[in-house]
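Trainee: What TrEMBL shows for this protein is this:
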- 41-60: transmembrane segment (TRANSMEM)
- 110-131: transmembrane segment (TRANSMEM)
- 137-164: transmembrane segment (TRANSMEM)
- 176-197: transmembrane segment (TRANSMEM)
- 203-223: transmembrane segment (TRANSMEM)
Amino acid sequence: MRHELALCCIALQFLTRVPIPRWVGFDAAWLTTCVRHFPLVGALVGAFGAAVLALAAAFWPAWVAATLAVGATAWLTCAFHEDGLADTCDALMGWVPREKALLIMKDSRIGTYGTVGLLVVTGLRIGLLATLAAHDVALACAALVATHMWARASAVLLMVSLPYGGDAEHAKAKPLALDVPAALVLPALGWSALALALPLPGLRLALAAVLLLAWVLWMRAWLRRRLGGFTGDALGATEQGAEALMLLVLAGQAPGWLA
């Protein structure tokens, strides 16, 4: 139990700016095994965003509350996934060779593709969350928690289904560049299943699950073709895309839409 708690803390430290207790210690191998707790960290990040959303919605319009909530989650995670999205768009939206794409991913500057990708995906997340909040703040809060959980589970699924596509020797988190055991998916999915207890429409959650699986399979095929595997930036892009896709399902407004 103590070891699992330590792994939860390592996952929290890796994905957010939250400090962890000194007793946790550190072992580089834990960076691999802690991925099974990524959806749990997603729940905590989503809960933080939901608290900001609920508080802001009491004073300002839904779009302001949604903007503050998305901004709060980006702050808590140091825009970790947003950075990956921008780098992936810059590297892979243009048809450059693999070696050039990997160099672009390491460049700290952001280009046109990265800027547009970040604006589109972040704009979608804010707009869709605002749509939900304008209808029901509690529903929007639940959606935010579920979305952050399932988006990180999507990244874990991608991670275990591909080899590392970059330079493993110079990877920022080298243990993640090693083969991640497929068995780690089961605990990650177990954490993700807790989202089913949230007050969200069951049919929409079912459709979101199918859509996110399709998204992971598409990213898997694309990354295998372009890079030969995943990179940390590609995992961030997968997470951000999964958030936007899930919110698209949850915020759909067509008459009778999966009521």
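Here the Cβ of each residue, glycine as well, is placed from N, Cα and C on the backbone.
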Trainee: In the same chain, which residue numbers or ranges, 6 or more beyond the ends of the transmembrane segment (110-131), come under 8 angstroms Cβ to Cβ?
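Mentor: The answer is 53, 62-63, 65-67, 69-70, 82, 85-90, 93-94, 104, 140, 143-144, 240-241, 243-244, 247-248, 250-251, 253.
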Trainee: Where else in the chain does the transmembrane segment (41-60) make close Cβ contacts, counting only residues six or more beyond its ends and a cut-off under 8 Å?
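Mentor: For the transmembrane segment (41-60), the sequence-distant neighbours (Cβ-Cβ under 8 Å, at least 6 residues beyond its ends) are 8, 11-12, 15-16, 66, 68-70, 72-73, 76-77, 129, 133, 137-138, 140-142, 144-153, 191, 194-195.
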Trainee: Short question: which residues 6 or more past the ends of the transmembrane segment (137-164) have a Cβ under 8 Å from it?
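Mentor: That would be 15, 35-36, 38-43, 45-47, 49-50, 53-54, 57, 62, 65-66, 69, 73, 129, 171, 176-182, 184-185, 188-189, 191-192, 194-195, 198-200, 205, 208-209, 212-213, 215-216, 219-220, 223-224, 228-231, 234-236, 238-240, 242-243, 246-247, 250-251.
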